[in-house]
Amino acid sequence: MKPSYASHAPPSNSSAAVAMHPPPPAAAGAVVEAPGFPQPYYLHPHSHHHHHQQPHPAHPPAPPVVYSKPEQQRIKTLFVSGLPDDVKPREIHNLFRRRPGFDSCQLEYTGRGDQVVAFATFFNHQSAIAAMSSLDGVVFDPEIGATLHIELARSNSRKRSRGVGAYTVIDKRVKVTNDDQELFSDDDGGSDEPSGTDNDNPSNKDALAAVKSEGTIVIPDGADGTFNDHTDIPPCSTLFIANLGPTCTEEELKQVLSKYSGFHMLKMRGRGGMPVAFADFTDTESSTAAMNGLQGILLESSDRGGVHVEYARSKMRKS
DNA sequence: AGCACA
């Protein structure tokens, strides 16, 4: 099945498909028709920055951000193909760990030849989209000419590296005494399609259990100098919020922050130009939960993409 | 990348 996500549409209607060399300029502002869907889907939040000659200039506030068809908006996992077969899980983790909203990733040896694919899971859909548009088409190994192909996965990974593992390896390679390996090939043989990301999907688990050897290895956090966290700033009960649109108001932020328990107060600075905000919570557990939920989300006022949230470098002065 | 308030 062909993904309806539009950056993979033929060059005819994709501005990103041309000039697709090292870092793809993230299909800026592209408005594309998704096959089978009447309305256009807006691929990038910069729509109102680059004024395409639109028939209706009477719409000043940019169309709030719909990236993909509704059922895809629950997807927080990316499917990564185009990897060299000697890729290491650590490399996948390092590819994604700095991306805002990154949660965890896994490398999967599919068992089809030496094919390797990966899944990267984010805390929200927008973060996944943002990572996808900045990494899709990137040359992963120039020596070998390996170019990453990234799309939304068909389903979310259920693996969550809650505190422990930074990444996971799934090895479906089989050393079967049976000569018939076709028994559990579940599709047409297309090699770069997103397969189910469910690592242990109950529906096919039983069927496969008898034949397949699947090992899940959780490599401990920090085993090679990496961290489960997507930032190196130590946890703090105050959050630093950046990448806000110039028109972002305290009220707008407060409204979304107050959905998280433990939220105390908000302070904004740098109004006009590039505002930043500090949000104080009762404890680091609350601030961490809020950060994970807020990372990469788009506000009405957002014009540079989703908000960027980090732990503040110092706790807000208690008043 | 941009981290203040005392």
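Each Cβ is built from the backbone N, Cα and C atoms, and glycine gets one as well.
Whatever TrEMBL says is automated annotation, not expert-curated.
Residues annotated as compositional bias 'Low complexity' in TrEMBL: A:1-20.
Look at TrEMBL and you will find A:45-54 tagged as compositional bias 'Basic residues'.
Annotation source TrEMBL lists compositional bias 'Acidic residues' at A:180-191.
DSSP labels the residues of the domain 'RRM' (A:76-155) in these numbers: 19 helix, 29 strand, 32 coil. Summarising the annotation, TrEMBL assigns domain 'RRM' to A:76-155 (among others).
Per TrEMBL, the feature domain 'RRM' maps to A:237-314 (among others).
Among the features that TrEMBL reports, region 'Disordered' is placed at A:1-21 (among others).
Taken from TrEMBL, the feature region 'Disordered' covers A:41-67 (among others).
Summarising the annotation, TrEMBL assigns region 'Disordered' to A:180-206 (among others).
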Under DSSP, the domain 'RRM' (A:237-314) has how many residues in helix, strand and coil?
19 helix, 22 strand, 37 coil
Over the span of the domain 'RRM' (A:237-314), how high is the average pLDDT in this prediction?
94
